[in-house]
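**Q** Take this structure first; my questions come after.
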Amino acid sequence: MQTLAQHLSSQGIQAPLAQLLTTLADTSKAISHAVRHGALAGVLGATEQENVQGETQKKLDVITNDMLKEALTADSTVRGLASEEEDHIVEVGQSGDFLVCFDPLDGSSNIDINSLVGTIFSVLPAPSGELSEQSFLQPGRQQVAAGYVLYGPSTMLALTTGQGVQLFTLNPETNEYLLTNEAMSISKDTSEFAINMSNQRFWEAPMQTYIADLLLGKIGPREKSFNMRWIAAMVGDVHRVLSRGGLFTYPTDNKNPEKPYKLRLMYEANPMSFLVEQAGGKASTGYETIMDILPSEIHQRVAVILGSANEVDACLEYHGQDYSEEPSL
């Protein structure tokens, strides 16, 4: 099996990007160690702080953010970074080639119940000139690399540099990432979907009708049965989609009219969309392709529908219909 370093070399990845990806991978090993120790290290539970999103920070949110921030600040290839846990961008150096956006610990509500969590990252080219928030506001198509690390029964790194999606598994004996799937591929069709059903009454009419038709199974217009899955961590649900197909969505809702979207574009939706598209899937808000969106600010939120191409298309057909009346559920 190839190590991560061997794979990056065989793919012809230039030295600066290889260095940055190695920094991210090495930091994820330390994060994996911290996550595994959990209560033994006193890192579970919440802090008294809130992040810029107004969300209460878990202790591990802060710890993992600091670990990534410290490692990336020391990496000469990094010009600046943006994190879910940082109010503003962080300028790192004057000459780095890359900007890094990341969610240090996705699914942190799962920490205290010992369920799946992960790290998501996106790498963008650093433009010339003075660094500002505007420097980061690039469409997802500009990403040069993206990936996530899943901290589960084993620690796995899914990575794309625009040459498909590769999956690496951390060998606990050698502490090396080894290539265990050289070409992750999403099936075009599926009978699985992932959505937070507790928000059903708050969804837009197209999504309500789409999900209602899935739940009707063989007696409904789709004429086949579907199973629902929900891990409550985007990183876990998207990993399942990449592993065996499916559709994952966190759609628009009016639960809080001031926050109609849940997921962040720059460090959740964009990197996951890059991975999904590279594996043969599709990613949309319901009305536009996610990676074509020009961001308006670093913590911008969007609706997300991604996964098996034909099922995403089926969902989008509902969004193109006329809903002058609310569907009956």
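Placement of Cβ uses the backbone N, Cα and C atoms for every residue, glycine included.
Okay, so Swiss-Prot annotates it like this:
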{"type": "BINDING", "residues": "Glu84, Asp103, Leu105", "note": "Mg(2+) 1 binding site"}
{"type": "BINDING", "residues": "Asp103, Asp106, Glu268", "note": "Mg(2+) 2 binding site"}
{"type": "BINDING", "residues": "Asp106, Gly107, Ser108, Ser109, Asn196, Lys262", "note": "substrate binding site"}
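Provide an account of the burial state, proximal residues and distances for the features listed.
**A** Under the DSSP three-state reduction, Asp103 (Mg(2+) 1 binding site) is assigned to strand. Counting only residues at least six positions away in the same chain, the Cβ atoms of Ser83, Glu84, Thr119, Ile120, Phe121, Arg264, Tyr267, Glu268 sit under 8 Å from the Cβ of Asp103 (Mg(2+) 1 binding site).
Taking all protein chains in view, 29 other C-beta atoms sit within 10 angstroms of the C-beta of Asp106 (Mg(2+) 2 binding site).
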**Q** Which whole-number value in Å describes the distance between the Cα atoms of Leu105 (Mg(2+) 1 binding site) and Lys262 (substrate binding site)?
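**A** For Leu105 (Mg(2+) 1 binding site) versus Lys262 (substrate binding site), the Cα atoms are 16 Å apart.
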**Q** Find, among the binding-site residues listed as Leu105, Gly107, Lys262, the one whose Cβ has the highest number of other Cβ atoms within 10 Å in the structure shown.
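**A** The residue with the most neighbouring Cβ atoms within 10 Å is Leu105.
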**Q** Max CA to CA distance in Å over the substrate-binding set Asp106, Gly107, Ser108, Ser109, Asn196, Lys262?
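**A** With Asp106, Gly107, Ser108, Ser109, Asn196, Lys262 as the binding residues for substrate, the largest Cα distance is 16 Å.
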